[in-house]
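Reading through the structure tokens given below for one structure.
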Amino acid sequence: MKKRLTALALGALMAAGPAAAELVFPSLSYRTGPYAANGIPFADGYADYFTLLNERDGGIGGEPIKMIECETGYNTEKGVECYESTKGEGALVYQPLSTGITYQLIPKATADGIPVHSMGYGRTSAKNGEVFRNIFNYPANYWDGASVAVKHILDQEGGDLSGKKIALVYHNSAYGKEPIRTLEELSKKHGYELTLLPVDHPGQEQKSQWLQIRREKPDYVIMWGWGVMNQVAIQEAVNIRFPMDHFIGIWWSGSENDVKPAGDKANGYKALTFHNFSSNYPIYDDLKKYVYDAGKSAGAGDQTGTVLYNRGLYAAMLAAEAAKTAQEIHGTKAITSQMMRDGMEALDMTEAKMTALGLPGFGPEFKVSCDNHGGNGFGAVAQWDAAAGEFKMITDYFQSDQDILNPLIEEDSMAYAKENNIAPGCN
Amino acid sequence: MFYREAGDFKTSYQQDNQTFPIRFDRYRYYVVLAVAFGVVPFLINDYWANAILVPFLIYAIAAIGLNILTGYCGQVSLGTGGFMAVGAYACYKLMTAFPEVSMFIHVILAGGITALVGVLFGLPSLRIKGFYLAVATLAAQFFLVWIFNRVPWFYNYSASGQISAPEREVFGILVTGPNAPSWAIYLFCLIFVTFAGILARNLTRGTVGRTWMAIRDMDIAAEIIGVNPLTAKLSAFAVSSFFVGISGALFFSVYLGAVEVGEAFGIQKSFLVLFMVIIGGLGSIFGSFAGAAFLVVLPVVLKVVGVDLMGWATDIVAHFQLVIVGALIIIFLILEPHGLAQLWRVAKEKLRLWPFPY
């Protein structure tokens, strides 16, 4: 029995050999498990954008796109299996939507010469492209997020945070621990007191953390949560009547799925973002015409216009634009992963480009370069309007505290370079 | 016809006591070893190594370890994930502190450190039994994961709290890190598996194993006939943790390369290894391999069949995986409580009589 199944597996592997002249974009998604509520809309958006390009433009630069979806369940072991099973098919770029899997893929993908785009997640110091040649995290990273959140609090408090208390409720993993260093540095600068409250995977159990918040009464709570943890945290905050407008989530803790279970009480909850919301963009007309009405939507097709669906669109759009740039640089339509890397490094997202794509003003403008793989760190704050049932931007995009972040990034990336014998440089 | 004792004359005690008394079995064993060491390394690619063979080998070591404790000595343990974490973190600390030392030594030392920790957490087993011991080992699981998350010394103060394996060599060949060739990591794990299998097999059929089994079958009776429960139970914990520690060290350094303790070594890992032991067969070395193969390969096969061959949506296949694996576990527990190893034993019995059963 086992032998026959193994033979089957082998046959399947051979059948799925490298396909000629297709741009392969693997989608390491998760539609199951405790993080599925957030994984599904992102995966749908990612898939729908590529479907749109295939249906409307015949792919990128005339080259058809092949998207291979692989279920990771937010699990690193399955992520490795997905990576190994898709990389042989000429994968151009990986977007695993998981900080744990990103950490896993950073050395592997670097060795295989395949770029990884961890958009707004992953290892923050990958911003230093001289060390992390194949890793990109534009347009913003976790440390930008932490700094943007603190800047917003500064605005609220009239520029003075001395003596204030800020609590960080975080997913007890590499993901949730990322902002701690930045928040500690910022607390030295601004004089607030930081309380750390880890929540263990998957995050359904948060009673003690919120009890502590009720007891210590921090002025603000910042959250680094994902999946079911977000919903539970917002519900718990409602239960202890924590003022919602003093509760700020990172961009991964700010989707409709997270706030809706708490009902009207979640009104006023804030979350960061690095792109715009809603389906009021010209691209949605095309999506409707070529994808939805043609019955080609990914998944159940019920996620359109949600925050994370838009983020999936945005991720796919950035990948497609990088592929276009790569095609221009190398003068060939059939690009390889190495060329894709060059395209990502030369990516220049301008307002004109976004308008031409039907996404005017959708995200901040940024330009990637070898020494900056992470964009300029612009983020905005959005607030949940429970009556309207949507997140609304309450600030413009503003930049994180680069004076604090750049030395931290330099330090962390150089430590990585030293540990792994990488000579930093642009060639 | 081929599979029989008849005509295979033993002329010394050594021959009489060998692991595989039947000639066919013995040759099969040599063929398996020869293929594993001599053929597979030439055929292996990254996918087969990283997605199937290396995890199978590593889980097989963990299953052997747990089988010694639970299957042979009868001490239920839910702390396997925690002990694997001890092995992983010990290996990480050793790798980073002594970069020039061979990985073989690091992995074995990591196993030794885990053995010490295992003995420490095995102490309650002298007083408590059964479910209560399971709860005590569960405490070990949570405590160990908590401490690796909590004390920055264990992860060398890295910002993310993750440990990641630097590149290390064995006789000049890389076995850890992304540039390690797949045949090298496969062979590295295979050597440990072979060594673990032979060691466990010989321990379990000697004096030590017999005292373990005596304790398992009835501890009071064992005590009366002169088995010291202190040494028997603690040695079972030590040997079991040694294997589990080795598997944890390999799991971190060779297989994943970067590990987050809560995710990689959580309670679900303890259950996974326990399921391997139960499905494979309690008290059987072969069962440990069969159980590990079953639970590592089955999800991959289901994925390949469902997504790549049938073209189903990935989430449906993932859900089906849970249903099928869950159903198979129940079916096994009902129809064959002794696991895959018992099926194997029955098959061998049938084979001995074939083609003239009576």
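Placement of Cβ uses the backbone N, Cα and C atoms for every residue, glycine included.
The feature transmembrane segment is assigned by TrEMBL to B:27-44 (among others).
Positions annotated as transmembrane segment by TrEMBL: B:50-69 (among others).
For B:76-95 (among others), the entry in TrEMBL reads transmembrane segment.
Feature annotation from TrEMBL assigns transmembrane segment to B:101-123 (among others).
TrEMBL lists B:130-148 (among others) with the feature transmembrane segment.
Non-local neighbours of the transmembrane segment (B:183-200) in the same chain are 33, 36-37, 40-42, 44, 49-50, 53-54, 57-58, 60-61, 64-65, 67-68, 103, 107, 170, 173-176, 239, 243, 246, 250, 254-255, 285, 289; each lies 6+ residues outside the stretch with a CB under 8 Å from one of its CB atoms. Feature annotation from TrEMBL assigns transmembrane segment to B:183-200 (among others).
TrEMBL lists B:236-259 (among others) with the feature transmembrane segment.
Long-range contacts of the transmembrane segment (B:271-296) within the same chain: residues 52, 55-56, 59-60, 62-64, 66-67, 70-72, 77-78, 80-81, 197, 200-201, 204, 213, 216, 244, 325, 328-329, 332-333, 338-342, 344, each at least 6 residues beyond the stretch ends and with a Cβ under 8 Å from a Cβ of the stretch. Residues annotated as transmembrane segment in TrEMBL: B:271-296 (among others).
Look at TrEMBL and you will find B:316-335 (among others) tagged as transmembrane segment. Within its own chain, the transmembrane segment (B:316-335) has Cβ neighbours under 8 Å at 275, 278-279, 295, 298-299, 302-303, 306-307, counting only residues six or more beyond its boundaries.
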Most CB pairs under 8 Å with the transmembrane segment (B:76-95): which of B:50-69, B:101-123, B:130-148, B:236-259?
B:236-259
Sort out the residues at least 6 away from either end of the transmembrane segment (B:236-259), same chain, that have Cβ-Cβ distances under 8 Å to it, and list them.
50, 54-55, 57-59, 61-62, 64-66, 68-69, 72-73, 75, 77, 80, 83-92, 95, 103, 106-108, 110-119, 121-122, 125, 162-165, 168, 175-178, 180, 185, 188-189, 192, 196, 200, 203, 208, 212, 215, 265, 273
Who are the chain neighbours of the transmembrane segment (B:27-44) in space, where the CB to CB distance is under 8 Å and they lie at least 6 residues beyond its ends?
19-20, 53, 182-183, 186-187, 190, 194
Beyond the flanks of the transmembrane segment (B:50-69) by at least 6 residues, Cβ under 8 Å:
40, 44, 75, 77, 80, 83-84, 182, 185-186, 189-190, 192-193, 196-197, 200, 203-204, 212, 236-237, 239-248, 250-251, 254-255, 272-274, 276-277, 280, 282-285, 287-289, 291-293, 295-297, 300
